[in-house]
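To start, the structure itself, in structure tokens.
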Amino acid sequence: MHFHTVLVQLTLWVAGSNAFYPFIPEYLCEDKSCQTQNRKRLLEDGAVTFPLSQRAPDASESQADRVQRTARYLSAKYGRKPPVGISGDVAAAPVLDRRQNSKYTVSRAASTSTADSVGLHQDGSDLSYFIDVGLGSGAKSVYMLFDTGAGTTWVMGSDCKSEPCLVHNSFGPADSASLKATSQSFSIAYGTGSVVGVISTDTVAIAGKKVTMSFGVANVTSNDFNHFPFDGILGMSMNKGATENLLQVFKREKTFKANTFGVFVNRNADGPNTGEVSFGGTNPAKYTGALSYTPVSDKANGDWAIPMDDLAYDGKKAGVTGRLAYIDTGTTYIFGPAADVATFHKSIPGAKLDANGGGTTYTAPCDSTKTLTISFGGVAYAIQTRDWLSGPNANGECVSNVYGIEVVRGAWLLGDVFLKNVYAVFDVDRTRIGFATRPPVPTPAQGAATTTTTPASSSGSGSSSTGGGGSTLSRPPSSSTSSSPFTLLPPTNPGPTPGGGQTGGQNSQAAGSSPTPGKETSSAAAGRTRVGGYVVAVACVLATSVALLFCA
């Protein structure tokens, strides 16, 4: 009898020492009481915590509404006519009550080890990617969307009273003694309104370098920006916007050794956030094989647009040729002319037009695991199924993230659904874009298991989160798949995330430091120590059990 009691106590001790701590994500809380209870349990129990972050998109916004809003936003961003394939009427974006006390959870990227590089953060749902930027004499830290589809740079101003400004960090005279407002104003139309403000001049610090340039300080913002953690937009296009072009400023000031930048977009489902932007060159650790370049089209008008060869599924080409593809880090999905997208989906067995998708959305069997490729310059680049195919909708059908919406007339727009599968290089000097294959996702023993999650609206510095000194391993809802440092990695081309409805997945994920090549990070070693701890502890239980058995 005593033997069984001791055995149970020892077993519970083992579990309590190293097992994950179940936690209800804040976005699932009906009110603040369960958030308070979570923090109380963390402080009282002193459980071992594993930093993970998750942010679900607004529950009030459907996937279809999100896509339509995104398409309107993109059409305005590229300065074109209203996109073909969406409704002309624009409804006001819903203002959610919870926004009053909102704190956006951010999956911060690991600190970069390469020179002239900066971490590329994201919202934890693969919807938006942004970097830390320091503005003015006080180096006010703000999150700026890293947007290769925009030529204008702007930030929310401290005197802005629009609802999005009240839940984001802002910038103004109190933050910088060197801020100089001009007599010029700017206005940019977006999906549900405009961003309006004054063009000002001040210093902009990125990746350890500082330049002086003009940028917009907004006093009115569109409700589009309720949906994302970033506080402004960093225009990384070559086209002329309402403000000075940042890339031209870099070139004029010879800020970096070359006028190029390499982009590694992190997929949240892969675990530690190793997203990175390298200015002045590339980071060879982020890709394998050679980079293949395609010249930017003469018809691009300063945008990052290159000729696309074709699309294919399971080796079957769609026959979509003679099209330009705009490569845009500032959008999530893939958009194309309706006829092209219809032709492409015909190559996928079982794919069909979604009856509830407004004539622009397609579904495909959830077990569609054959390779989807997009080709440039004779080189085909594979897109993982979990990126182009979202999890089941209300009807149990998986939704394709390739939409028949013509954002730019006669052209395709490739966002992060594509970029999560390649390493991309944007070469200003030679006006070309290069792609390379990404290396395999590190195993848990190779990757780091640390991160910080940041309430973006609560701290200008973007430091680590609250909640007992760290984030905890959260158990996602049953409709999501968990991806912690100790779960098996998915296959090379896994299927869609169940219940996702997003690009890449709405999962609880780890984010943290990337390992130095050839070296083992301390957190990786700690991960093995934890696993080893289970073995030692179990051995102790067995040994104790045997001893007690003989003693009895």
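Each Cβ is built from the backbone N, Cα and C atoms, and glycine gets one as well.
Quick look at what TrEMBL lists:
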type	residues	note
ACT_SITE	Asp147	active site
ACT_SITE	Asp328	active site
COMPBIAS	444-464	compositional bias 'Low complexity'
COMPBIAS	472-490	compositional bias 'Low complexity'
COMPBIAS	505-515	compositional bias 'Low complexity'
DISULFID	Cys160-Cys165	disulfide bond
DOMAIN	129-436	domain 'Peptidase A1'
REGION	435-527	region 'Disordered'
SIGNAL	1-19	signal peptide
TRANSMEM	531-551	transmembrane segment
*Counting Cβ neighbours within 10 Å across all chains shown, tell me which of the disulfide-bonded residues Cys160, Cys165 comes out on top.*
Cys160
_Taking the Cβ of each of the active-site residues and counting other Cβ atoms inside 10 Å, which one has the highest number: Asp147, Asp328?_
Asp328
*By CA distance, which of the recorded positions (Asp147, Cys160, Cys165) lies nearest to Asp328 (active site)?*
Asp147
*What kind of secondary structure is Asp328 (active site) part of, going by DSSP in three states?*
coil
*Fill in the CA-CA distance, Cys160 (disulfide bond) to Asp147 (active site), as an integer in Å.*
22
*Compute the C-alpha separation of Asp147 (active site) from Cys165 (disulfide bond), stating it in Å without decimals.*
20
*Taking the domain 'Peptidase A1' (129-436) alone, what is its mean pLDDT?*
96
*Tell me, by DSSP, whether Cys160 (disulfide bond) is helix, strand or coil?*
coil
*Determine, from DSSP, whether Cys165 (disulfide bond) sits in helix, strand or coil.*
helix
